[in-house]
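Data block below; observations after.
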Amino acid sequence: MAELNNIHSVTEMPEGDDAKCSFHHRMFLEPQEKKSSLKALVVKQAKKTCSCTPDKVKDHVLGFFPVLQWLPKYKLREYLLGDIMSGVIVGVLLVPQSIAYSILAGVEPIYGLYTSFFASIIYFIFGTSLHISVGIFGVICLMVGQVVDREIQRAGYELEPAALSILSAAAAPGNSTISPLNQTSQELLCDKSCYAIRVGATMTFIAGVYQVAMGFFQVGFLSVYLSDSLLSGFVTGASFTILTSQVKYLLGLDIPRSSGIGSLITTWINIFRNIHKTNICDLITSFLCFLVLIPTKELNEHFKSRLKAPIPVELVVVVAATLASHYGKLRETYGSSIAEHIPTGFLPPHPPDWNLIPNVALDAVPIAIIGFAITVSLSEMFAKKHGYSVKANQEMYAIGFCNIIPSFFHCFTTSAALAKTLVKESTGCRTQVSGVVTSLVILLVLLVIAPLFYSLQKCVLAVITIVNLRGALRKFKDLPKMWHLSRVDTVIWMVTMAASSLISTEIGLLVGVCFSMLCVIFRTQRPEAPLLGWVAESETYESLSAYKNLQTKPGIVVFRFEAPLYYINKECFKSTLYKQTGVNPVWVKAAKKKAAKTVLKEKKSGGNQTDISMDFASEPLGFHTIVIDCCAVQFLDTAGIRTLKEVCKDYREIDIQVLLAQCNPSVRSSLIRGEFFKEGEDHLLFHSVHQAVAFALGVKGH
């Protein structure tokens, strides 16, 4: 027979301070039968998983390839025009951004175009969102670029040209017994740009494997640990690092890229040390590009409701700057740094460098988590807006394959990007067919147009990168509103932003996660714990400190603890309860013992203080019952159960009963397992505070 939970109920509620409850009856709640044993559940789940029926195979295939679900239902006349328009517009925007973000990732421009091309096609097949744009994302590119630069330095590619030529000669046939610094002679045959994309592709492969593994083990819930304020602070902090890394291109300075802890400060120190070497041509070009890009971008945003499509100002600037650089011979005359040769077509596929995996495996972890978290957040946001659902675990598969497969084709890590997704949605996108159209636009550039960007100055690409950071940097304007809504979220944002920019992006993410979890712990460690009062002519009890005109029942104190009761806050629970009620039972017991000893001494000595001591020992405490409202106590651990036992025992010893109200099934189950209720004791559970108060009044009234 299942154990019965004994809970009191009241049939007549008091109406006024002096009214008494006239009748009580016990309500018995019979718990649901426990499910089968763990072994039986495992066997059942294994049979369910391993069973193979045609319907189950169909469901798995359709779930793994979501395109097979929505593509047969594609409404050609209704959807096609919007998808083509949005696909073309996003493709036009992606071309200059792909080239610009390649520099941020530390690789050649062609690889950014490869990445954007493959990501859109693969997400079309595996993704569950109909609207997000998957491709290059500034923060991910920054994190990839930091690892690429570190590995290039380790491999010895940043040596002086003379030293590098000696090492290259040592790598020639006949000298294979000589090994250069940190690399085998065979590996040095791959030049710096080749080695850079090899590092980027290997890390992309590992990040994709992590994401697919997360999907396989269904750990999509991990994204809940990256709150909106944390992600926003991380992106803003990383944006400062991105901006800093691009300043040297704006000024035409040839300084090494700083990495590791404090790279932002180190970079600025190097910039100011070399600022006298500024290339005036690059500086003027950067200034002119800012003058064109920023106002036009603002106009695009201001009139986005009236414009059918945003003005492709980035592409216009890239074309104009390329023509000016080519015909003005800016490289030959002023020494401007240019993009140089961008080949057409595709390079043959190449597997990741397995020897590099130990070097980059740890770096791929935060990249995989950030890529997944941003993709899922955007997917859910736009799915909610347009009335459909996405699957978090399938999104992990999708973004994982968007990294694993392209890593064999010289690509770097991708994720969803908010700015391009907003453009995609606002220009008529209905499905991921628009992603295929975007890939076709990039394919056209790869096959025909790419070499025409030979003379494009790198400072123009840096300007494009910096201008696209406006959204993240504008978050500072939202700080007053965020502070008004939640001070804790604002502090999390500021700590994550500062750590991501001043320390490093990876450590900043870790600091943000740890700090946000500490905030949760601190909030449960010292939660709100008010006394409650009765709302007249109702069965509701609310905080006396929050509302006026609440009534209290004579001899009864109602206390609410607004957090789980566990080992971290058990002492806070006791101290707050004693403070709010004004009675510490331990002190009262000690005072009574002391008074009793005084009485004995007076009796022996025949003094006159006996009556005074007896009066002190029997002095009333002002109330006879404490009702603890447990509606906000989600769970109890062993320390919490022990604390409740101690509190009830201590108060009972000074003739004060403790009643519990509004305990959820989990708390009731914990109390029963912890033997909180013993036979013959009057500890009772109540469905509501009102019933507990009515019971206490009725007991004292009879």
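All positions are counted from 1 along the displayed chain.
Yeah, the Cβs are placed from backbone N, Cα and C, and that goes for glycine too.
Annotations in TrEMBL come from automatic prediction, not curation.
Going by TrEMBL, these are the annotated features:
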TRANSMEM  79-101  transmembrane segment
TRANSMEM  121-144  transmembrane segment
TRANSMEM  195-217  transmembrane segment
TRANSMEM  356-376  transmembrane segment
TRANSMEM  397-419  transmembrane segment
TRANSMEM  439-469  transmembrane segment
TRANSMEM  490-518  transmembrane segment
DOMAIN    546-696  domain 'STAS'
Legend entry - Stretch among 79-101, 356-376, 397-419 sharing the most Cβ pairs under 8 Å with the transmembrane segment (121-144): 397-419
Legend entry - Which of 79-101, 195-217, 356-376, 439-469, 490-518 contacts the transmembrane segment (397-419) most, counting Cβ pairs under 8 Å: 195-217
Legend entry - Non-local residues, at least 6 beyond the ends, that sit with Cβ under 8 Å of the transmembrane segment (439-469): 87-88, 91-92, 94-101, 103-104, 109-110, 113-114, 116-118, 120-121, 138, 239, 242-243, 246-247, 249-250, 252, 282-283, 285-286, 289-290, 293-294, 297, 314, 317-318, 321-322, 325-326, 330-331, 336-346, 419
Legend entry - Intrachain residues whose Cβ lies under 8 Å of the transmembrane segment (79-101), provided they are six or more past its termini: 109, 112-113, 115-116, 133, 135-136, 138, 141, 308-310, 312, 314-315, 317-318, 339, 342, 420, 423-425, 427-431, 433-442, 445, 453, 456, 461-462, 464-465, 468
Inset, instruction - Determine the mean pLDDT over the domain 'STAS' (546-696), rounding to the nearest whole number. - result: 81
Legend entry - Non-local residues, at least 6 beyond the ends, that sit with Cβ under 8 Å of the transmembrane segment (195-217): 105-108, 111, 144, 147-148, 151-152, 155, 157, 187, 350, 352-354, 356-357, 360-361, 363-365, 367-368, 371-372, 393-397, 399-408, 410-414
